[in-house]
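Visitor: The following block contains the structure, expressed as structure tokens.
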């Protein structure tokens, strides 16, 4: 192991080398991370405490919000602390752990979004069988399958990267450890490994995205026979999910479905899918969903009652 891993730590270049820019970014990303945690935690708490949000759609939404918190927490705290640090270093094992958890939670989110699309398909296209198909056991199985799928995806990624020899240099032109920046630092031919990484990460994103698009095409075709009010209500419930899917999958496909080379714009794209998308999730689902807003209002009223007494 020592012969192939002479490097014991990696150095991040971060988002910027300008001290003033780093201080401004520190304040911005700290506020964004707090908003991500509080916003998504509020959705989890609202779904768990509200009887009106007992349908499978909200069950999956609560797990999606939990995964968003975990996903953002793999990169944002490190980014925030490094913005004030002179030397942005991470150990080899810390770097590999970050790669593993990024792809664990990212892969789980991809599968959860696919499961949520299937839930909307059953609810709209097979309404009479909805409660039978999407029963408690089925929902728990689908969530478990999403976690298993994310774990298998992440395990494949980390095994490909960990076997690479790192003998210098050790400077990563990024703000977190990921497979593509690490490929540039390996002191061996990474062409085959790069293809396998693209096949694993990129293909997963594309296949899931195509499956999602296909499900919504079927839904739209099915809605042609519905009344205008039925179409409006169905499209309203699907609109939030389509928005989240587009915001998450777009950057992921851009990053992972291309040759193993890093571009200057990659860091900005990474900020979008590791910070901005988890932030937008609670905003999109709460502002576009009347039931969620009403449940949040009731939760707020119950929380204020002890103080009124």
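Glycine residues also receive a Cβ, built from the backbone N, Cα and C atoms like all the rest.
Annotations per TrEMBL:
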- 20-45: transmembrane segment (TRANSMEM)
- 39-285: domain 'G-protein coupled receptors family 1 profile' (DOMAIN)
- 57-80: transmembrane segment (TRANSMEM)
- 100-118: transmembrane segment (TRANSMEM)
- 139-162: transmembrane segment (TRANSMEM)
- 191-223: transmembrane segment (TRANSMEM)
- 235-257: transmembrane segment (TRANSMEM)
- 269-287: transmembrane segment (TRANSMEM)
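Looking at the shown structure, can you explain where the listed features end up?
Guide: Outside the transmembrane segment (20-45) by six or more residues, the chain places 14, 61-62, 65-66, 68-69, 72-73, 76-77, 79-80, 83-84, 275-276, 278-279, 281-283, 285-286, 292, 296, 299 with a CB less than 8 A from a CB of the stretch.
Sequence-distant contacts of the transmembrane segment (235-257), counting only residues of its own chain at least 6 positions beyond either end whose CB sits under 8 Å from a CB of the stretch, comprise 57, 106, 109-110, 113, 116-117, 120, 123-124, 180, 197-198, 201-203, 205-206, 208-209, 212, 216, 219, 223, 266, 269-270, 272-273, 276-277, 280-281, 284-285, 288-289.
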Visitor: Using Cβ atoms and a strict cutoff of less than 8 Å, what residues sit near the transmembrane segment (100-118) while being 6 or more residues removed from its termini?
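Guide: For the transmembrane segment (100-118), the list is 57, 60-61, 63-64, 67-68, 70-71, 74-75, 142-143, 145-147, 149-155, 157-158, 176-179, 201, 204-205, 208, 211-212, 215-216, 241, 244-245, 248-249, 252, 274.
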Visitor: Under a criterion of three or more Cβ pairs within a distance under 8 Å and sequence separation of at least 6, are the transmembrane segment (139-162) and the transmembrane segment (57-80) in contact?
Guide: yes
Visitor: Residues of the same chain, at least six outside the transmembrane segment (269-287), with any C-beta under 8 angstroms of its C-beta?
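Guide: Residues 15, 29, 32-33, 35-36, 39-40, 42-43, 61, 64-65, 68-69, 71-72, 74-76, 102, 174-176, 178, 240, 243-244, 247-248, 251-252, 254-255, 293, 296 contact the transmembrane segment (269-287) from elsewhere in the chain.
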Visitor: Which bits of the chain, at least 6 residues beyond where the transmembrane segment (57-80) starts or stops, bring a Cβ under 8 A of a Cβ in it?
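Guide: Same-chain contacts beyond the flanks: 14-15, 26, 29-30, 32-33, 36-37, 40-41, 43-44, 47-48, 90, 98, 101-102, 105-106, 108-109, 112-113, 115-116, 119-120, 123, 139, 142-143, 146, 175-176, 237, 274-275, 277-279, 281-282, 285, 291-292.
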